[in-house]
């Protein structure tokens, strides 16, 4: 007998020839197994068994003491007037009550004393509070069926990451697009890449998952620069860079559409930059000087346009130039001290050093004139 809306009383009787549970369709085979299954696995109802002449009778009634909801805030939401989804709970499937060793249906035919205490739900863990592993927030009852560990990159986090990358102003669009792809890739496999030693694995998995997308977006050179930066910071070795680029080249060679698209893009870029670049201006009126003689040549091998303003440099006097030549022609004082004592060998050494036969060394005689005497006037002589 079931009660609906607390006002009307309705009774429904159903005859069955098998021992199958009407709720979960479990074939219990024996009456003893069916009764214990109904009592332990469906605690929301009360079951009373009576023996009749041609079979058995099981009376089902609603268990008013059953409460499968959470207790306490925040896991106990307010109950609306409509049906709500209950949180999945843990039911005890094994129970060891006090009973006789022999299997008997007498314990199920009559209700025991203090029946309201015996009809408590066999439920454990209903007061536990679980938290998300990533955010440490408490899990709501409607989120119990969702495993937060499986979703490392929620949609809002992806959008926030892309918006933050778009805010950069000192990078081009290709670099932004590559960093979006790389950050979303690392975010998706956040439970796999937990150390610097796993960066090479991240590079190979990135090419496997997004290699074709990378090439179709014409981000080949940006990816090469990204690998060079990883090498500069010591995250990957030169061998890893070589194998990653080799794998990327294999993707280009095995896909003719991507290969053709990259060639067309390269031709367009080449034509664009050739048109933008400033071509050198060649002045045929002046004679082109060689770089070694004094031509003004830049690093690129192109002759620069000479400056119109000439620097005013003071001219050196002939005396200073001749003095320099004389000093260069004359042997050093240290070399003079190392000259041989014989005049013939001395001339030979000086000839080899200066390239011409020098004048023979002679001792200079210094003539010291005696002090001049004052002449007396003629008047005094007389």
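A Cβ is built for glycine as well, from the same backbone N, Cα and C atoms used for every other residue.
Among the features that TrEMBL reports, compositional bias 'Basic and acidic residues' is placed at 324-335.
As annotated by TrEMBL, domain 'Polycomb protein SUZ12-like zinc finger' applies to 1-64. Secondary structure of the domain 'Polycomb protein SUZ12-like zinc finger' (1-64), assigned with DSSP and counted as helix (H, G, I), strand (E, B) and coil, comes to 11 helix, 22 strand, 31 coil.
Residues annotated as domain 'Polycomb protein VEFS-Box' in TrEMBL: 119-240.
The feature region 'Disordered' is assigned by TrEMBL to 285-382.
For the domain 'Polycomb protein VEFS-Box' (119-240), the number of residues in each DSSP class (helix H, G, I; strand E, B; coil) is 68 helix, 4 strand, 50 coil.
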